[in-house]
There are 2 protein chains.
Amino acid sequence: MEGVDHLASERSRAQFDVEEMKVVWAGSRHALEVSDRISRLVASDPAFRKDNRTSLSRKELFKNTLRKTAHAWKRITELRLSEEEASRLRFYVDEPAFTDLHWGMFIPAIKGQGTEEQLQKWLPLAYKMQIIGCYAQTELGHGSNVQGLETTATFDPQTDEFIIHSPTLTSSKWWPGGLGKVSTHAVIYARLIIDGKDYGVNGFIVQLRSMDDHLPLPGITVGDIGMKFGSGAYNTMDNGVLRFDHVRIPRDQMLMRVSQVTREGKFVQSNVPRQLVYGTMVYVRQTIVADASCALSRAVCIATRYSAVRRQFGSQNGGVETQVIDYKTQQSRLFPLLASAYAFRFVGEWLKWLYTDVTQRLQANDFSTLPEAHACTAGLKSLTTSATADGIEECRKLCGGHGYLCSSGLPELFAVYVPACTYEGDNIVLLLQVARFLMKTVSQLGSGKKPVGTTAYMGRVDQLMQCHCAVQRAEDWLKPSVILEAFEARSARMSVACAQNLTNFANPEEGFLELSADLTEAAVAHCQLIVVSKFIEKLKQDIPGKGVKEQLEILCNIYALFLLHKHLGDFLKTGCISPKQASLANDQLRSLYSQARPNAIALVDAFDYTDHFLGSVLGRYDGNVYPKLYEEAWKDPLNDSVVPDGYQEYIRPMLKQQLRNARL
Amino acid sequence: MEGVDHLASERSRAQFDVEEMKVVWAGSRHALEVSDRISRLVASDPAFRKDNRTSLSRKELFKNTLRKTAHAWKRITELRLSEEEASRLRFYVDEPAFTDLHWGMFIPAIKGQGTEEQLQKWLPLAYKMQIIGCYAQTELGHGSNVQGLETTATFDPQTDEFIIHSPTLTSSKWWPGGLGKVSTHAVIYARLIIDGKDYGVNGFIVQLRSMDDHLPLPGITVGDIGMKFGSGAYNTMDNGVLRFDHVRIPRDQMLMRVSQVTREGKFVQSNVPRQLVYGTMVYVRQTIVADASCALSRAVCIATRYSAVRRQFGSQNGGVETQVIDYKTQQSRLFPLLASAYAFRFVGEWLKWLYTDVTQRLQANDFSTLPEAHACTAGLKSLTTSATADGIEECRKLCGGHGYLCSSGLPELFAVYVPACTYEGDNIVLLLQVARFLMKTVSQLGSGKKPVGTTAYMGRVDQLMQCHCAVQRAEDWLKPSVILEAFEARSARMSVACAQNLTNFANPEEGFLELSADLTEAAVAHCQLIVVSKFIEKLKQDIPGKGVKEQLEILCNIYALFLLHKHLGDFLKTGCISPKQASLANDQLRSLYSQARPNAIALVDAFDYTDHFLGSVLGRYDGNVYPKLYEEAWKDPLNDSVVPDGYQEYIRPMLKQQLRNARL
Ligand SMILES: Cc1cc2nc3c(=O)[nH]c(=O)nc-3n(C[C@H](O)[C@H](O)[C@H](O)COP(=O)(O)OP(=O)(O)OC[C@H]3O[C@@H](n4cnc5c(N)ncnc54)[C@H](O)[C@@H]3O)c2cc1C
Ligand SMILES: Cc1cc2nc3c(=O)[nH]c(=O)nc-3n(C[C@H](O)[C@H](O)[C@H](O)COP(=O)(O)OP(=O)(O)OC[C@H]3O[C@@H](n4cnc5c(N)ncnc54)[C@H](O)[C@@H]3O)c2cc1C
């Protein structure tokens with residue numbers, strides 16, 4: 001961090017201990033130490049340079065990523081990094097690659113769905129990267145509806161093999177990351193057919209490419225599906241297409257933890273409960289929520305620092321102009337996102353705990369909390385990824401024109417992030433699952449079955465349908481109990497209203513379809529309540545460090561009151577609060593923005609991101625934006641020559657009115 | 001449109017005359033004929049191919065654009081196209097280029113700010129493209145605050161010249177399109193300095209490059225500012241950086257329609273009113289609103305067609321699955337955007353009329369409507385561009401995973417469109433201008449000064465503060481008078497509430513800053529009212545064609561009720577409607593979606609876009625999506641070889657555990 005710190009005066013205004021906040025953000029002193037050390041390791045290694053990414057051609061870009069993954073793996077083994085350190089290293093290298101799917105989907109799928117023998121055979125190979133695997137579920141014709149997959153795996157009792165086949169064009173596997181060019185193996189999902197009978201979708205381990213020369217094995221057609229959103233961004237990944245022409249695999253490559261096919265071709269359900277699959281989903285989605293807080297905090301860090309550097313208007317008598325971060329409109333767009341980043345961080349932390357809890361219960365054969373945990377992770381995945389995608393783009397707009405330059409880092413961050421709204425469950429489809437769960441919860445309220453976990457508040461539904469918000473002055477909105485009650489009442493009332501409307505339909509399934517837009521809104525209300533309540537719970541913990549807890553309280557209130565303002569219609573329509581109380585909330589929110597203002601820079605410093613990781617001229621730690629923007633510009637290939645290629649053929653003839661005879 | 005029409009059954013369900021709707025969308029039979037003919041001309045010319053755009057390197061991409069602009073100009077002159085036809089041709093070529101700024105900003109700036117002699121000297125050169133011009137206002141340090149520009153134009157009475165100079169790094173011109181590599185000339189904005197006195201910002205025509213060899217003239221440093229959002233997209237444009245080192249231009253190159261500098265160095269204001277500048281702004285922003293409806297309709301066309309092709313879930317007994325367009329959640333996201341596209345089209349049409357009206361009044365020295373027209377165009381620019389940017393991204397999400405592929409056309413459409421939220425006035429800064437105008441209007445209500453034009457309803461403020469919505473049944477929401485009253489009451493009440501809150505501040509300017517977030521919301525409410533009311537006005541016209549008006553009525557109601565739902569908090573908080581009435585509006589909205597459903601495909605067909613213009617595999621007219629997606633994939637450069645470049649160096653050593661000694 002060379003030279004003058006243009007943001008020094010901002011930093012000196014902070015009213016809390018930034019180093020302690022870093023610990024809170026990281027989760028623990030240990031986590032901070034690891035993150036800090038590994039991020040600096042990556043930042044200082046020229047092999048991990050990424051500033052030229054947006055100007056590389058697809059082939060150059062991809063080869064470059066292969067180089068980085070190999071280099072990363074080399075460093076991981078050389079330095080004997082722990083699993084935690086290795087995963088941090090991949091994170092800070094900050095480039096989507098086949099390794100994400102290998103570690104994040106292929107291995108967990110085998111772990112979750114393989115038998116003991118299968119784990120023993122495949123995991124050591126995968127851990128050493130002697131094989132590279134991907135996760136091939138989605139097909140050209142089916143994504144959300146996994147039960148509609150068309151690929152077949154037909155048991156051949158003669159040879160004790162499965163024959164994997166793509167019967168139609170739409171059955172081509174389509175999208176799996178790492179499939180296009182790299183993976184040697186895949187976990188693929190296909191309909192199990194025995195003796196002409198369809199046993200539904202199951203997972204299989206299939207080798208795709210030769211270990212000798214990397215050529216696709218006989219019967220396999222595989223390639224990359226082409227350019228995706230943005231330059232750089234997700235184009236470092238080889239999302240692939242895959243077709244099978246009667247490819248044979250041994251019977252023991254079906255993942256058989258839950259269902260088995262015997263030598264005789266008998267289909268057997270093991271005594272392992274099917275619900276185990278949900279455990280893996282809880283795991284994967286929990287990592288997605290954690291990623292959301294990372295991506296959003298990164299965008300917020302860039303926009304906040306630049307908003308403190310950027311000055312526009314308001315100069316009196318030739319003095320300096322106003323920093324745009326001082327405009328209330330800028331604050332009302334930026335600070336809720338800052339608060340959201342912290343909120344998502346804490347709910348992510350809690351989800352990690354939830355996953356451990358669920359896993360322990362599963363081991364003890366207790367499935368009681370699973371549906372609730374599953375609905376909750378599905379909903380939080382949807383909520384946080386949608387808000388993050390929108391939030392990154394808002395941060396880009398908050399940077400005015402300069403945010404549109406790749407050197408701001410924001411276009412690529414957006415482009416690489418947005419598919420999180422679609423993969424691992426389309427966000428709307430997930431909300432519908434949450435809604436289904438909520439309707440079930442409401443319908444069982446009379447039955448004496450007590451709602452658990454994040455739906456426990458539904459147990460107090462009678463009270464919540466009646467309660468009146470007690471706010472009389474703006475400051476009353478700072479009380480956690482007041483906020484919680486308002487959010488609980490809103491969510492409960494929306495769910496109950498939906499449930500009542502459903503009773504107007506003779507066929508409940510038809511009713512669900514007809515009212516599905518309202519149902520997704522009830523699901524959102526429920527999920528927002530979870531985030532708010534987990535933030536409030538976090539604040540009940542002992543949090544050391546001067547001023548740290550006070551800042552988090554401000555952020556928590558900003559998050560809650562911003563949501564209240566944004567979804568005011570819900571709160572008013574269900575009668576949870578009055579118009580007068582809404583105005584008071586708004587007044588309180590403005591005052592919270594003023595309180596957050598002097599701490600804004602320090603609050604983003606607490607993310608502890610290196611300039612390398614941020615990858616943004618606008619978000620530089622030292623705030624030295626303009627000279628660096630200027631410097632970056634000249635690196636564009638178009639500036640290689642003063643007169644552009646094409647002048648002689650196209651521009652000159654136009655200017656000289658000599659186009660008539662030109663061949664163009 | 002080869003082969004089978006997979007959407008034929010959809011088309012046959014339409015309940016209106018599509019050909020007549022095409023006329024309505026185009027604006028007239030003549031406009032339709034021109035658009036249709038020119039779009040086919042472009043689509044059938046292989047020189048205008050654009051499907052490879054996202055895989056080209058920056059240099060290839062840019063050269064390719066130069067070729068296309070030259071080819072377009074050649075065709076325009078060969079075919080002796082009219083001005084209207086030529087501009088349609090540039091539109092359908094659909095590639096941002098220096099010509100956009102030449103025709104859209106350079107020429108209008110000279111026309112608006114030049115004297116008669118200046119027009120006679122410069123326009124003929126520009127019309128024949130013997131010179132190419134750009135519009136250089138923004139600097140590295142100043143965009144929104146034009147009065148803060150730092151470039152100086154100092155009058156030298158000795159030589160009768162201005163000396164153009166960039167005194168600081170931040171005074172570098174930065175962003176102007178066409179500046180980086182192509183323009184020979186620019187209209188630049190600089191502080192006029194005479195005898196040490198600063199006369200504020202004025203416009204000057206400056207030659208940048210030699211007409212002989214295209215090299216920058218002495219004292220001029222110029223280049224491209226680098227990669228922007230997305231691949232392809234706006235990277236076809238050479239947005240530029242420009243620095244002046246004491247560059248001299250003759251005095252008569254200051255644009256002197258409004259202010260003049262005499263030979264003696266006297267600064268003189270002409271009797272032409274300064275407000276004229278606003279006339280140009282009204283013009284430019286009106287074109288931006290028209291562009292918004294084009295961009296949004298394009299995205300909606302893609303998402304609608306694909307939603308009818310895509311099937312997911314809901315298959316009974318192995319039958320076909322449900323088209324995703326039949327899901328109410330899909331409809332509730334898609335149809336409001338379809339309605340918005342039509343709404344923006346009509347408000348754009350009306351703005352064209354407004355521009356003519358304002359121009360005629362200016363010529364008759366009537367400035368009375370100018371502030372209102374200016375606020376109204378500023379607000380509509382902000383409203384329509386923000387909604388369009390968000391809408392395109394929503395359409396992309398509506399296409400699930402496949403929307404993330406460049407071959408869907410949506411990523412590039414988004415990336416190329418979003419800067420419209422920033423250029424020609426940052427959307428928030430514009431809303432603040434609208435709010436300022438609204439506060440002025442409210443404050444003058446008592447004075448007897450009658451609000452005009454789009455603020456006329458404020459004249460009925462007493463009644464609007466009192467009125468009670470009369471809706472009792474869902475169908476009541478179909479009455480234009482009911483909708484209008486609700487929107488007028490909401491907007492008036494929000495403005496009045498802001499005005500009242502402002503009186504709590506001793507210093508009104510401070511109050512404005514403090515309440516600015518609320519003020520922008522009042523501005524949005526006002527602008528939405530304008531769009532709704534112009535849609536309703538349009539429907540009062542005679543609109544021929546079977547079922548055409550009925551469909552437009554459905555869309556108008558969808559647009560209004562969707563806004564009501566989205567901003568329900570405003571309507572409830574200000575007491576314009578009751579919670580019960582809100583529920584009825586929601587019921588009505590659902591039923592409108594069902595009415596729109598069978599007509600959806602025909603309603604997007606009415607945009608009359610060719611497959612070339614749409615540039616989307618998902619949006620193909622014939623709905624033949626899957627084979628074409630599959631075909632497109634294989635064209636990616638990564639698929640040139642089966643084993644990727646980099647396998648030997650990076651993948652193989654990893655698999656073979658031989659990285660240790662590798663140089664990476
Ligand atoms: C970058 C990226 C990486 C990916 N990586 C992998 C991978 O490694 N492995 C893998 O197997 N897959 C992968 N995928 C695929 C991904 O999992 C799917 O795209 C995702 O599941 C969404 O499914 P879809 O594309 O079929 O969307 P669709 O289901 O076709 O969605 C289209 C629209 O229909 C709506 N819709 C669908 N069903 C319903 C319903 N029942 N009710 C209401 N609305 C509905 C959706 O909301 C959406 O608006 C990846 C995708 C992307 C974009
Ligand atoms: C693709 C593209 C093409 C362009 N083409 C041209 C061109 O041809 N010629 C040309 O001259 N320029 C051009 N521009 C520049 C463009 O006009 C400016 O970017 C635009 O005016 C916005 O100004 P800014 O970038 O300074 O934003 P800023 O004003 O720096 O905005 C930053 C943030 O500050 C906020 N803000 C600023 N002022 C206030 C205020 N008073 N109150 C509250 N909030 C405020 C904004 O809302 C925003 O969130 C182009 C820009 C782009 C992106």
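The backbone N, Cα and C atoms fix where each Cβ goes, glycine too.
Where the annotation comes from TrEMBL, it is an automatic prediction and has not been curated.
The active site, proton acceptor feature in TrEMBL is assigned to A:GLU424. A coil conformation is recorded for A:GLU424 (active site, proton acceptor) in the three-state DSSP classification, outside any helix or strand. The Cβ neighbour count for A:GLU424 (active site, proton acceptor), using a 10 Å radius and every protein chain shown, is 19.
Taken from TrEMBL, the feature FAD binding site applies to A:THR138, A:GLY177. A:GLY177 (FAD binding site) carries neither a helix nor a strand DSSP state and counts as coil. Sequence-distant contacts of A:GLY177 (FAD binding site), defined as residues of its own chain at least six apart whose C-beta falls under 8 angstroms from its C-beta, comprise A:PRO96, A:PHE98, A:ASP100, A:LEU101, A:CYS134, A:TYR135, A:MET237, A:ASP238, A:ASN239, A:GLY240.
Under the heading domain 'Acyl-coenzyme A oxidase N-terminal', TrEMBL lists A:17-132. Across the range of the domain 'Acyl-coenzyme A oxidase N-terminal' (A:17-132), the DSSP-based residue counts are 90 helix, 0 strand, 26 coil.
Residues belonging to the domain 'Acyl-CoA oxidase C-alpha1' (A:278-439) score a mean pLDDT of 95 in the model. Residues annotated as domain 'Acyl-CoA oxidase C-alpha1' in TrEMBL: A:278-439.
What TrEMBL lists as domain 'Acyl-CoA oxidase C-terminal' is A:480-656.
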Recorded positions near chain B, Cβ-Cβ under 8 Å, from A:THR138, A:GLY177, A:GLU424: A:THR138
Nearest-integer angstrom distance between the alpha carbons (Cα) of A:THR138 (FAD binding site) and A:GLU424 (active site, proton acceptor): 10
Cβ neighbour count within 10 Å of A:THR138 (FAD binding site): 20
Per DSSP, three-state class assigned to A:THR138 (FAD binding site): coil
